[in-house]
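To start, the structure itself, in C-alpha cells.
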Amino acid sequence: MPVICWFRRDLRLADHRALHAAVAASAGEVIPVFIFDDAILHDGYVGAALTGVTLAMLTALDHDLRQLGSRLIVRHGQPLAELQALVRETQASGVYWNRDYLPYAIKRDTAVKLWLRQAGLQAHSFHDSVLVEPEGLKTKGQQKPYLVFGSYVKRWSELAYAQAEQLVPAPTKLVPPDADLSSLPIPSLADLGFELQQTLPTLGEAAAQQRLSQFFDRRRSLSVLKYDDARELPAEAGTSQLSVDLRMGSISIRQCLQRAVDLLTEPLSAEQRQGVDTWIKELAWRDYYTQLIYHNPQMLKQSLDPRYDQIEWRNDPAEFSAWQQGQTGYPIVDAGQRQLNQMAWMHNRVRMISASFLVKDLLIDWRWGERYFMQQLCDADPTANNGGWQWAAGSSGPSAQPYFRIFNPIAQSKKHDPHGTYIRRFVPELANVPNRYIHEPWTMPQTLQEHLGCVIGRDYPAPLVDHGFARERALAAYREALQQPAEE
DNA sequence: CGATAGTTGAC
DNA sequence: TCAACTATC
C-alpha cells in the first residue's frame, strides 16, 4: 500500500527522515505531495521573493523525483481537506511528514494527525528540521525552556552532535504514483498574485549542496575557516549563503553540522577553529529561536518582555518609507535596504545595523521592520526574523543587548565596511565620495559636494535624523517604558 | 541559596 | 564605565 510523504519546508531527498521512513514502510511506493495553502500564501507576511524561492525549489524537487521514477503531486487548498482527498484517491495507508514548530503549523498538523488516527490510518511525524527539538532541551533544575542563549548553547552541542551522526540516505528508486493521479502544474508567481523584480540565486538541492561544498572548500580564500572575521564584512562573500536552503529544507541541517564537525577533526589554527565554532553557534541560534517561540508563541505578535510594548513608538510613515527605500541619508543603512530591494537578501551584519536604526534612531515599532523583512527576504523565516528583530529592539527577555546599547550607524559602517566598498556597490550616488567622507557624506565641504556632483539634499538625502539626538530620544523612550510595570 | 554571567556596543 | 536585573546552576 502506498503512503503519502507530505513535503512542507523540507524540499529535498537526501537525509529526509519522513521520506526515508515512508520509503521503508511502503517499499518505495511513496506519494510525494506539496499543498499550497492560501492561509500562508496570503497572510500578508509572505512576499514575492519567498514565494518565488518556493516555486523554484518545488520545480527542482519535482525534477529530482523524476530522476527516481516518481513525480511531485501538487495540490492547492486546505491541507487537511487535500490530504483527505489524496488518501481517498490513492488508498494510502498513512501520511508521513517532518515536524514544524510554529503555532499555525502545530495546529494544522495536530488536526491532520487526529483525523488520521480516527480513520485508522498511520500518522508519522519526524524530528528533522532542527538539530534539537523544542522539547528536547530544558533547564537542569526546573525543566523549564531556556531564555538565555548562552545557557542554552552550553548544553545544545552534545545533543546536536549526536544528531549529526544520524544521516539517512536519499532513496535510489521510487515507485511512480498512478498515471491518473492528478497534480496541478507548479504555478507561476503571477498565478499566485505576486510579482518579482529580483533575480533569485540558483535553487534546489543540487545548488544547496554546491553552496555547502564551496563554504567548506579549504582552497577558497573565504571558507568557513575565515568565517569568524569575514562574516562581519558585508562587502565580502564571507557567509555560507545557506539561509535560503535552511529555510526551505533544500539542505539538511544535520549534514551542515556534520561537515563542520568533520572539519574540526583536521589540524586547524586557532583562528580557523574559531571560524568553524562560530558557524556552528549560528546553527544553535536557529534551534534556540525555534524553541523560544515554541514555548512563547505570543512573541510572534508581542515583545517577549511585555514592558517593551509600552514604548511610545513614533511610527512616522514618511520615515518608514525612507528606510524601506534606502533613503535615510545614512550610507550603510541605505546600502543595506537597497541590497534588500535589489537582491531580496541582505548581509546579516547590515540587517542588525538597519534594524537598530529603524527601531532606535527612528523609534519605529520593530514589528513594522519585521514585516517588511518577511515580505522582501528570499530567506524569510518567521522564527529567525522575529528573533532577530526582538533582539535588535532589546525586547526578548534577559537580553544581552540592553536597551542603552544603541548601534552607532557611522561607527558600525567604519568598522565593517572600512573602505566603503559595500556602500558604493549599492548607493551609486556616493561612488565618487572619498573614503574619508563615505560613512557620513553630509560632512563633506560644500565645494567638494558640488565638485563631485554629490550635493547632500539634492543628489543624496541629508540624514533623516541626527544620531546623537536620536540616541538620547530612544534612551528616554525606553527608560520611560521600562520604568513602568508591565500592563496585561 | 549565593555566585556568576549575559552574541556580534558605545562613549 | 555604562544600570540594574534576571536566568541559571
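Any Cβ shown, glycine's included, is placed from N, Cα and C.
When secondary structure is read from DSSP and collapsed to three states, A:GLN241 (FAD binding site) falls in the coil class. The annotation FAD binding site is assigned in TrEMBL to A:TYR227, A:239-243, A:TRP279, A:282-289, A:379-381.
Within the model, the domain 'Photolyase/cryptochrome alpha/beta' (A:1-131) carries an average pLDDT of 98. Annotated domain 'Photolyase/cryptochrome alpha/beta' per TrEMBL: A:1-131, in sequence order.
All protein chains considered, the CB of A:TRP313 (site 'Electron transfer via tryptophanyl radical') has 16 other CB atoms within 10 Å. Marked as site 'Electron transfer via tryptophanyl radical' by TrEMBL: A:TRP313 (among others).
Less than 8 angstroms from the CB of A:TRP366 (site 'Electron transfer via tryptophanyl radical') sit A:SER303, A:ALA355, A:LEU358, A:VAL359, A:TRP389, A:GLN390, A:ALA392, A:ALA393, A:SER395, each of them six or more residues away in the same chain. Per TrEMBL, the feature site 'Electron transfer via tryptophanyl radical' maps to A:TRP366 (among others).
The annotation site 'Electron transfer via tryptophanyl radical' is assigned in TrEMBL to A:TRP389 (among others). A:TRP389 (site 'Electron transfer via tryptophanyl radical') carries a helical DSSP state (H, G or I).
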**Report entry** Number of Cβ atoms other than its own within 10 Å, given for A:ASP287 (FAD binding site)
**Finding:** 25
**Report entry** Cβ atoms near A:ASP379 (FAD binding site) (within 10 Å, other residues, all chains)
**Finding:** 22
Report task. Let me know the DSSP-derived helix, strand or coil state of A:ASP287 (FAD binding site), please. Result -> helix
**Report entry** Rounded to the nearest Å - Cα separation of A:ALA284 (FAD binding site) and A:TRP313 (site 'Electron transfer via tryptophanyl radical')
**Finding:** 32
Query raised in the report: Tell me which residues of the chain lie with their Cβ under 8 angstroms from that of A:TYR227 (FAD binding site), as long as they are six or more apart in sequence?
Result: A:GLY238, A:THR239, A:SER240, A:GLY275, A:VAL276, A:THR278, A:TRP279
Report task. Would you mind pulling the DSSP three-state label for A:TRP313 (site 'Electron transfer via tryptophanyl radical')? Result -> coil
Report task. Restricting to the same chain and to sequence separations of six or more, state which residues have a Cβ under 8 Å from that of A:GLN241 (FAD binding site). Result -> A:PRO201, A:ARG211, A:PHE215
